[in-house]
Structures are given as structure tokens and as C-alpha cells.
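According to TrEMBL, the features are:
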TRANSMEM  15-33  transmembrane segment
TRANSMEM  39-60  transmembrane segment
TRANSMEM  67-91  transmembrane segment
TRANSMEM  103-129  transmembrane segment
TRANSMEM  141-166  transmembrane segment
TRANSMEM  181-212  transmembrane segment
Amino acid sequence: MNTTRSLSHGRNGSVHDMVLLASFTAIIFLLAFSPLGYIHLPLIKATIVHVPVIMGSLLLGPKKGAILGFFFGLTSLIMNTMSPSLLSFAFSPLIPLPGMNQGSILALAVCFIPRILVGIVPWTSAAFFKQFFHGKPNHPLQLTISGILGSMTNTVFVLGFIYLIFSNEYAAVKGMSASQVLYAILGVVTTNGLIEALIAGILTAAVCLPLLRYTRLFPITTEA
């Protein structure tokens, strides 16, 4: 009887996880391709498309979080290919580099690697900081920190990859010298990046806290 009950619980848990995974994936696509994914502030337009990836990491664990991160990267690839902007060459190999007639396959690294890491870092952060909150996986500050770190992972790695791979191209489209690129990128990190991180931290705690408290979702202690 105990074995049957355990197997039943495992199947139910698996189905529940898949439903959540599908739901978060749908939310990512909805936010990415609609105005709902952006918050208009007085000076900047902050994105929250990465927030479902962070939440999925905390609620479902790093493996499924990485899957959500992949879909986040996929939306970026589609968006930059179908509706290109000045920097779309850094996110899609189908967009030609400035002054050239072809793109770079390295754009896929910029597009996918940081976003996959967004699905891993929050869970890792929560698992680490759990020891400072008496082993509880659902402390508000713990979730907020994880949300902030997940958001900063996206900002720092995307811009870092652009600097390392497409520094000259970035300078060309921005009309600046190559020596100014680093300062320009640091400026984005300390403005858009920090504001988006704070928003992500608040939203992560606000949504994940009740789910972790009032359901049986405790991936921080069950998935390695």
C-alpha cells in the first residue's frame, strides 16, 4: 500500500511539474511577444520576460529551470530575427554584422547561454542561502535575493558576452570608439540592470512565497 501510494504521489508530482513547466513556458512567450513583458518607468523600459524563468527555477528546480531558460532564449532569437533592431546581430546569426553580409554563429551563445543560466542560478542561490534562514526554503528575503541574482545573471552575461564577442560591432552601431564600449555596457548594468533586478526580486518573492508555503512544492530541498 505504501509503495502504491508513493508511486501515485510520484506520478501526480510529475504531472503537476509538467503542467507548471508548460504554464511558465506559455507565460514566457506571452510576455516576450506582447507589451505585458515590459514595465515603462520614467527613464527606462524594464523587461520582466526573465521573471517566469526565475520562478520556474525556484519552484521546479534547475533542470526544468534551464529548459525555461532555453525557451526564453528562443523567444529572443525569434524576436531579433523577425523584428531586428540595431543590436539584433548579437542575438541572431541570421542578422548580418554591421558592414558585412552575413551574421555570426556566436550570436547563439549570447542568445541562449545567459538565459539557460537564469534557470539555474536562482535555485543554486536559494539552496546556498537556505543555511542562513534556518533551513527554510521559503523565506521572503531568500526568494528576493534569488530573484535579484537571477535577473543580474541575465544582464551581466548577455552584456558580457556582447563585450567579449561583438565589442567592435557594438561600437559601430552605437557610434562610439571601441574603448568606450566597456563604460557604455557598465552604464546599462548599473541602470537598467539594477532596476530590473529589484523588480524581479520583488515579483519572485510575491509569487513564489505563497506557492511554496501553501503547496507541496519544495524543489530547493528535493532536486540536486
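Backbone N, Cα and C define each Cβ position, glycine as well.
Note: TrEMBL annotation is automatic and uncurated.
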Counting CB pairs under 8 Å, which listed stretch among 67-91, 103-129, 181-212 touches the transmembrane segment (15-33) the most?
67-91
Maximum Cβ pairs under 8 Å to the transmembrane segment (103-129) - stretch from the list 67-91, 141-166, 181-212
141-166
Counting only residues 6 or more past its boundaries, what in the same chain has a CB within less than 8 Å of a CB in the transmembrane segment (67-91)?
21, 24-25, 28-29, 32-33, 49-50, 52-53, 56-57, 60, 97-98, 103-104, 107-108, 110-120, 161-162, 165-166, 169-170, 173-174
